[in-house]
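Summarising the annotation, Swiss-Prot assigns active site, nucleophile to C79. Per Swiss-Prot, the feature active site, for GATase activity maps to H173, E175. According to Swiss-Prot, the feature L-glutamine binding site maps to G52, P53, C54, Q83, S129, L130. Sequence annotations record features per position, and here Swiss-Prot assigns domain 'Glutamine amidotransferase type-1' to 1-194.
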Amino acid sequence: MLLMIDNYDSFTYNIVQYFGELNQDVKVVRNDQVTLEDIERWQPKYLVVGPGPCSPTEAGISIPAIHHFAGRIPLLGVCLGHQAIGQAFGGNIIRAKTVMHGRLSDMYHTDKGIFSNLPSPFSATRYHSLVIEQESLPECLEVTCWTNQNDGSIEEIMGVKHKTLPVEGVQFHPESILSQHGHQIFKNFLEIYA
């Protein structure tokens, strides 16, 4: 079973549908209606921390779940869930240079983890005003996806991967209809961490 932490976001069930199309039995729980003990009892095979309209600090059980289950259950964070991963491991969450609501950006990546065998760049939809700060990125996390500035340097972090644990995050929305390769990103997560 794949457990999805719903951070009260309208995209939650798009993610659920994508994972359902990948033959996953998905259980959805709201971030303020579940305990760590509940999750332990359910014994999910995967844990997905979903998007939401707030900051990671306001995302209920999201950060405690990351702290508790990182290294025990493969974990994927999407948008707010990605930010929660950054914060849970010691990074700062800051305002993005530009608020991105329903805007497409080119995603450049390392071809590692969930981005394996995808073209670089590819186009993905962004809905966020916060990002993981590059300068405070924890040593245990590596940048796997980013947007470029005009000079080719990293503009903003769009994906992270823990260096030793089965934990990855994406800032953009793979499940958005305009995002390319969304199914493949989720499929890669399931296959890599099976």
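Glycine residues also receive a Cβ, built from the backbone N, Cα and C atoms like all the rest.
Nearest to S129 (L-glutamine binding site) in space, judged by Cα atoms and limited to the active-site residues C79, H173, E175, is C79. In this view, the densest Cβ surroundings among the binding-site residues Q83, S129 belong to Q83, judged by other Cβ atoms lying within 10 Å. One residue stands out among the recorded positions C54, C79, L130 for having the most other Cβ atoms within 10 Å of its Cβ: C79. Q83 (L-glutamine binding site) carries a helical DSSP state (H, G or I). Taking the Cβ of P53 (L-glutamine binding site) as reference, residues of its chain lying under 8 Å away and at least six apart in sequence are, in sequence order, N7, Y8, D9, L80. In terms of Cα distance, the active-site residues that sit within 10 Å of G52 (L-glutamine binding site) are C79, chosen from C79, H173, E175.
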